[in-house]
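J.: Take a look at this one; I'll ask things after.
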Amino acid sequence: MIEDVEDEILRLKNIIKRWNREYYVDSSPSVGDLTYDKALLRLQDLESKYPEYKTLDSPTFRFGSDLLNDFEEVKHSFPILSLDKTYDIKGLSLWIEKMVLESAISGLHTGISVEPKIDGCSIVLHYKDGILEKALTRGDGRVGNDVTENVKTIRNVPLRIDEKIELVLRGEIYITKENFLKINRTLKNPYVNARNLASGILRRISSKEVANFPLDIFVYDILYSSLKLNTSHDAFDKLKQFGFKVNPFCEFFGGKNLEAGIIAHVKKIEALRDSFEYEIDGVVLKIDSFILRKILGSTSHHPKWSIAYKFESCTGMSKVVDIVVQVGRSGKITPVAHVEKVLVAGASITNASLHNQDYIDFVGLNVGDIVVISRRGDVIPAVDLVIEKLAVGSFKIPSNCPSCKMTLIKEGAHLFCVNRHCSCRIIEQVKYFCSKKCMNIVGLSEKTIEFLFEKKFISSEVELYTFNCDRLINLKGFNLKRINNLKRSIEDSKSRPFRKLLLGMGIKDLGENTILVLINNNLNSFDTISTLCKNKEAALAKLLKIKGIGERIALNIIEAFNDKTILDKFNFFKELGLKMEEDNTNDAVYDSFLFGKKFCITGSFKGYSRDVLIEKLTKKGAVFSRSVTKCLDFLLVGEKFGLKVQKANNLGIKTFSLFDIKDFVDLDD
């Protein structure tokens, strides 16, 4: 038993030392923060229980170090400490309660600041007589590397401030997500994440080289000032006055509802995490009063007056065990990696998208490789990077469809199966037809549809309406109640608006916005569209005159409404009594204000989901966009809005509340 403990301590010491080297020196960590912290905590626990095995070279004795021989080493004026950490809300609440108690005992009754924890590289800025004198990396907390000339190339670092004072500041240098992706694509050996890239750039020998890269900085703390400052709130305002870039999401909390306010703000930042233009890996809480900070003091590792609440990692490492090729309803071929189960952003991941052959070649991926998996927000998990190449070469997508064996055709970066009778394409099309956004046939899940195809009960969406559901009665999982619900759901789908049926047909480039454009230009029925498309030249001329319809979309519409298979389906649905015309005098009418307006939504709205509001506006002819661009006409803003508001303001885009649009949209229907 004792020998096992000694072996585990030795193993933990060795691996943590290796991880320290990878993180601080090589800027290429092989594990995430959570894995590292768990190992370090385990080592600390064992050493406290078995102190006879704690040696002077243990990583628990010292800070990690990013010191490099290429730069001059300079001793810090103050210890540059790390932060205490917690990974759960309960731990955060306990710390807040402790700080509230300490505040009351001291009689200072101070507040607490909350700000995003930027996932970048730490920097210490020294100003003398208002002039930037030196910039040091954190190093080992006692000594850092002098990277002054490189830091001077960062545009948001003032080289001189208005007052001739002394300042020692702490900040975080980072690179935006967008710039990280752009730069990483050009590198022979790409970086795992934006933090490592920023660190790698900062440590280039030539400041001229560094100037070519778009590094940025947030300054978040004053370690020393010749000014008299009592709180971090005062310091924050002073930093802004001097022209330093500070995080706009920093908030200060105090009073009776301090804890509730902090927890709500933390959850808001976590929810908005993916909308930030830079990477964050948590939030940092700090006592506001500098006097109380001094009273509370620090350990050798971290200040007692601050804590970091770490978010779940958006990335994880896994091994690719297989690569399969999927066929979509349009025939688009998508390679998917099957990976060993890994927890990423709170979800258990076993599959990850590989996009296309070009992406596979760029990453250099094959079965057996160790990869970084990312999952952000609702985005499908994807393979970001190969970190350990264990297989030779890159996986090659077969030249034939995995389902029907027809030769694949390349269009742009993607491969397509052009066989419209391909069983995989047909199954995916039926799934789309039954989905909530189209005909919304409740009870027909993807697995149920696959089962119906497998048993040869149906072979297209048309046969959903001719199939006798009673044939399912003796099959596993189908009882009388489920069968009756399925019958009712199929029958209910017959009353869906024409625009839902048109969307469900899966015509290329004919999405919700384009359908509404057609409807509100008097192309609001099957008969009007099909009649127009009989004369292809006249149809093309008319469609191109409609705002929002380009040549590609127009040609796809014309082709679809001259396709016998599609026309036969429409005629079948017509005979069955489905709605073949949209009511152009009711909710699909273009309002004089909303006509053709492109909009986006941010925040939450009391009493309304985003989907409901989007549908109400699009019914009136507005066009929904998922992102804020210069082409946007307005941004609809609710409570707890995100960074889209800031971006809209920067672009001069109008922002509206629900009150602003109530005259144009009936919010009560």
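Using N, Cα and C of the backbone, Cβ positions are placed for all residues, glycine too.
Not measured: the values here are computed from a predicted model.
Per Swiss-Prot, the feature NAD(+) binding site maps to Asp33, Leu34, Thr35, Tyr36, Asp37, Ser82, Leu83, Glu115, Arg138, Glu172, Lys286, Lys310; the stated evidence is sequence analysis. Positions annotated as active site, N6-AMP-lysine intermediate by Swiss-Prot, on the basis of sequence analysis: Lys117. The Zn(2+) binding site annotation in Swiss-Prot covers Cys401, Cys404, Cys417, Cys422.
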J.: Going by C-alpha positions, which of the recorded positions (Thr35, Lys117, Lys286) is nearest Cys401 (Zn(2+) binding site)?
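T.: Checked the recorded positions Thr35, Lys117, Lys286; minimum Cα distance to Cys401 (Zn(2+) binding site) goes to Thr35.
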J.: As a test of the contact definition, list every same-chain residue at least 6 positions from Leu83 (NAD(+) binding site) whose Cβ is closer than 8 Å to its Cβ.
T.: Val284, His302, Pro303, Ser306, Ile307, Ala308
J.: Cβ within 8 Å of the Zn(2+) site centroid (Cys401, Cys404, Cys417, Cys422 excluded): which residues?
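T.: Surrounding the site, in chain order, are Val327, Gly331, Pro402, Ser403, Lys405, Met406, Val418, Asn419, Ser423, Cys424, Arg425.
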J.: DSSP on Lys286 (NAD(+) binding site), three-state: which is it?
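T.: Looking at the DSSP assignment, Lys286 (NAD(+) binding site) belongs to a strand.
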J.: Quick one: Cα separation, Thr35 (NAD(+) binding site) versus Cys417 (Zn(2+) binding site), in Å?
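T.: That separation, Cα to Cα, works out to 43 Å.
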J.: Among Cys404, Cys417, all listed as binding-site residues, which has the most CB atoms within 10 Å of its CB?
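T.: Per the Cβ count within 10 Å, the most buried is Cys417.
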J.: Consider the binding-site residues Asp37, Arg138, Lys286 and say which one has the Cα lying nearest the Cα of Cys422 (Zn(2+) binding site).
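T.: Going through Asp37, Arg138, Lys286 one by one, the closest to Cys422 (Zn(2+) binding site) is Asp37.
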J.: When you rank Lys117, Cys404, Cys417 by Cα distance to Lys286 (NAD(+) binding site), which of the recorded positions ends up on top as the closest?
T.: Lys117
J.: Quick one: Cα separation, Asp37 (NAD(+) binding site) versus the residue listed as 'active site, N6-AMP-lysine intermediate', in Å?
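T.: The residue listed as 'active site, N6-AMP-lysine intermediate' has its Cα 17 Å from the Cα of Asp37 (NAD(+) binding site).
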J.: Whole-number Å only: compute the distance from the Cα of Cys404 (Zn(2+) binding site) to the Cα of Lys117 (active site, N6-AMP-lysine intermediate).
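T.: Cys404 (Zn(2+) binding site) and Lys117 (active site, N6-AMP-lysine intermediate) have their Cα atoms 51 Å apart.
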J.: For Lys117 (active site, N6-AMP-lysine intermediate) and Arg138 (NAD(+) binding site), determine the Cα separation and express it in whole Å.
T.: 16
